[in-house]
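Student: The structure follows.
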């Protein structure tokens, strides 16, 4: 009996880690393609142009979140629970898509009709054309989100992974192409062209997922009657999505408020509109892109863990649930800590390498902002994992309270610090928000589950400190640029990884659930020869 339980835990852990690894790999590929988009786009548009682009994007992100927030997560959990109970979840998909379609249409109309007033309120009226260019994408993002939720509930992460990469590839080709073609007509036209590329990328992903879902339904023998939402299906889905939606809305809402607060606060501090837009562009463009790169990869784990935890909860598999929670928390810090420290030490070199179109002063400012915001890699990643774990445990309201409290703190700090500290104040406010939300979420999770990984987190942080010392030595003796960035990876490989293995943060069973698990176990045994 004990052997069967251990085997089931191992199989479940492997499926979770496999799904997370697949999404993480696709996130890395998508980020590489995304960098191939962001880097030339920044060099084409310049700091002010990317500032205009970033003024539009938070509003777009908020509208897409409003149109589909919580529904994919609710659908993923519903599908996983119905599969666990041996029921057909097909009707849940149609309920979700019907709800998303109605909400997306409303948000599309709001984006188009309110484009001019929103742009004026943000402090740069020229941004309105960008809203018109990207508005149709609101319709397609909802469909994409709903279908991804369906596949994730089936614990099939491949469609999400492939559609992620597809979005970035289409956005790269269309966005950069349109921006280049329209550059001679001015910065505003080039920005609108880049945003039109976003619309095409979402359309491509929606078509791919819709066709794949239709093919899967036909092969699976799903009858048309199974696709009916059922009595009260849409209302039930809306009720299930509500707590997920509230949690999903808070982060985009914070970015949305930033797009209004930062430029106007900088102007109140005596900065010209053009310079304020350029500084906001650095904060929300190159700096945010680097910070979110590892976060996106780590959030792939969050996407994979929520339906898996829900499945364990529905099946009353307490041991499997605890194992997944512990593994998820440790993986977040394992990846996030070295990424954050790498940005602190080599951030300016990376920015100079990726964005040669920026001036020396702009690179210096972006480097200072990155050194402040680098810690957000760990804070935001851990926050997302705790949110997913609480949602999987049917405690989404706890996540909402934590995030809302942190948002209030951020708004107050942004209004005050940005005016008197400049754009650096906005970075400080962002970090404080992440720290507050993580602290509240971690306490809530600990009270609910009595699961704490403080000892292992401390070991990861110690390994990070040792890696940082080695990184500082590399920084002192290797000139900047490509050589410094390449040499900076050596402490991660030669110092951090062995330190983590030697510390015994992961058990052999946990390592076996990861890709290359057998090799990792052999490495652990060699380093921990005293075991």
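A Cβ is built for glycine as well, from the same backbone N, Cα and C atoms used for every other residue.
Note that TrEMBL annotation is computational and uncurated.
Annotation comment: TrEMBL describes 50-71, 92-115, 127-150, 188-215, 236-263, 283-306, 327-346, 366-387, 399-417, 423-445, 457-478, 484-506 as transmembrane segment.
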Student: I need to check the long-range neighbours of the transmembrane segment (188-215): which residues 6 or more away from its ends have a CB within less than 8 Å of a CB in the stretch?
Tutor: 41, 44-45, 49, 52-53, 56, 60, 93, 126-127, 129-130, 132-137, 140-141, 143-144, 147-148, 150-151, 159, 162-163, 166-171, 173-182
Student: Honestly, do the transmembrane segment (457-478) and the transmembrane segment (127-150) touch, with at least three Cβ pairs under 8 Å and pairs 6 or more apart in sequence?
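Tutor: Between the transmembrane segment (457-478) and the transmembrane segment (127-150), contact is absent.
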Student: Sequence-remote contacts (6 or more beyond its ends) of the transmembrane segment (127-150), Cβ cut-off under 8 Å?
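Tutor: Residues 52-53, 55-57, 59-60, 63-64, 67-68, 71-76, 79, 93, 96-97, 100-101, 103-105, 107-108, 111-112, 114-116, 118-120, 159-160, 163, 188-189, 191-193, 195-196, 198-199, 201-203, 205-206, 209-210, 212-213.
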Student: State the non-local partners of the transmembrane segment (484-506) in its own chain: residues 6+ outside its ends, Cβ under 8 Å from one of its Cβ atoms.
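Tutor: Here the qualifying positions are 330, 334, 338, 342, 345-346, 349-350, 353, 456, 459-460, 462-464, 466-468, 470-471, 474-475, 478, 520, 523-524, 527-528, 531.
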